[in-house]
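Colleague: Okay, so TrEMBL annotates it like this:
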type	residues	note
DOMAIN	31-208	domain 'CP-type G'
BINDING	ASN78, LYS79, ILE80, ASP81, ASN152, VAL153, GLY154, LYS155, SER156, SER157, GLY204	GTP binding site
Amino acid sequence: MSLANPFRTVFRLPSRSQRINWFPGHMTKGMRQIQQKLRSVDCIVEIHDARIPIAGRNSQFFETITGNGVKPHILVLNKIDLLGGKQQRGILKQLRTHQPELKNILFTNCKDQRNTGVLDILPLATKLVGESSRFNRAQSSEHNIMIIGVPNVGKSSIINVLRNVHLKKRSAARVGAEAGITRSVGERIKIQEQPPVYMIDTPGILQPSITDDEMGMKLALVGCLPDHIVGEDLIADYLLYWLNKHKRYEYVKMLGLHSGPSDNISAVLAEYAQQQAMFHRVKQYNGQVEVMTNLLAAARKFISFFRTGQLGAINLDEESN
């Protein structure tokens, strides 16, 4: 395909029935539990994926949780290692434009216990709690910090890192690579002795209905939704669309595409699968077994190149030129 030939400028799901709507029962239960525990919470730490600083962050939901700004709020953009430091200034500008009331923003890499962003969370939270009017908790020396955010952004990992750093104790919160590991609001997990600081882990909460197709696909691409809910073929197609729209053609070399940039995900995956000898046996309706290119395996590999940073630093919320 010639670069003069325009690529898609809008991403549309194949049908309305495929609109992403993933708000399982444990999220409804978790939302209720969060609201019940708010009276005993001194500070809210919202964890989000730095690669989607805006997408998936429901401002109405967080206004409800923070009590319209009554409770101190810190936004932690995790997985900054997949973006690099150069992107931080642009992301801060984006956030201040979209949500001017945001005052406390940290960038973290929860895989690195010496990461300055991670180490700044507790001092900043302690400072904000000290400066706030704690109302019914003014007499308590303990600080309760609630961790909230969408699924699979590193909430439990950050709790475990802080517990290890400040108390030299092993992990207390369950973590996993798939969205939805934490199913309910957890008990308090001690993070620090003086002053006593506890963190409360919560399940990832998405908006009940994701009406913006692109926002849903961004959440899926970074892994905030289970891959099988959306489909790896659709996630790979969105990634291809985004890369072409932003003139990011590194994938051509990465996938070894002799035909150059393309807007056709099936052709891209087929060429890559053939090159990498990704084949599988498929039994036909007449009983014959046919060897075919494994497009699903190719799609998973393409997605993994993005998720591991091999396609370069990508902020999915950046505007296209």
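Quick reminder: no glycine exception, Cβ is built from N, Cα and C everywhere.
Remember, it's a predicted structure, so these values are computed and weren't measured experimentally.
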Colleague: Considering each pair of residues in ASN78, LYS79, ILE80, ASP81, ASN152, VAL153, GLY154, LYS155, SER156, SER157, GLY204, all listed as binding GTP, report the largest CA to CA distance in Å, no decimals.
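Modeller: Greatest Cα-Cα span of the listed binding residues: 22 Å.
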Colleague: If you count Cβ atoms within 10 Å of the Cβ of GLY154 (GTP binding site), leaving out that atom itself, what do you get?
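Modeller: Cβ-Cβ neighbours of GLY154 (GTP binding site) within 10 Å number 23.
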Colleague: For the domain 'CP-type G' (31-208), what is the mean per-residue pLDDT, to the nearest integer?
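Modeller: Within the domain 'CP-type G' (31-208), the model's average pLDDT equals 83.
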Colleague: Of ASN78, ASN152, SER156, the binding-site residues given in the record, which has the fewest other CB atoms within 10 A of its CB?
Modeller: ASN152
Colleague: With every protein chain in view, what's the tally of Cβ atoms within 10 Å of the Cβ of ILE80 (GTP binding site), excluding that atom itself?
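Modeller: Excluding its own Cβ, the number within 10 Å is 24.
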